[in-house]
C-alpha cells in the first residue's frame, strides 16, 4: 500500500472508534486463536499417543520459527510506519524486522499442521490467517509482501513438518 491508501484507512479508523476497536480486538483474538489451538493440537497428539507426529509437529516448527526470526533480523526490512509518514493503528515500538510477518507465519504454520491432523480446524485457521494478514496490513505494521511471505513460509513449514512425520 502507498501513503495515500494508508492515510485513507487511518482516517476512517480514527473517525470510527467502533471500527478501530474491532480492528484491535480482531488482531488480539486472531493471534490468540492460533496460539491457543497449537497447544491443543499437541495435546491431541499426546492423548492419541502419536509421538512421532508430536515430535515432528514440535521440532520442525520450532526450527522454522527460529530460522524466520534470524532471517528477519538479517533482512531488517522497515515497517510501514518507518517508511511512510503514518501512525500505525496497531501500536508497535519495534523498528525493522518486518519481513516476513511472524504472526502470519505462525498462524499459517499452525493451520497447516491442523489441516494435516483434522481438516475442519485447519480450514478455520487458514481463514483466520487471511483475516489476521489483512488486519496486520490495515493496522500499519506490515506491508502486503510481509504477510504474503509469512503465509507462504508458514504453509511450507507445516508441510515439511508433516512430510518429516510421514517419512519417519
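Note: Cβ is positioned from N, Cα and C throughout, glycine not excepted.
Feature list (source: TrEMBL):
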TRANSMEM  20-39  transmembrane segment
TRANSMEM  51-71  transmembrane segment
DOMAIN    52-162  domain 'Phosphatidic acid phosphatase type 2/haloperoxidase'
TRANSMEM  104-135  transmembrane segment
TRANSMEM  141-166  transmembrane segment
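Residue counts for the domain 'Phosphatidic acid phosphatase type 2/haloperoxidase' (52-162) under DSSP (helix as H, G, I; strand as E, B; rest coil) come to 83 helix, 0 strand, 28 coil. Taken together, the residues in the domain 'Phosphatidic acid phosphatase type 2/haloperoxidase' (52-162) have a mean pLDDT of 97 on the 0 to 100 scale.
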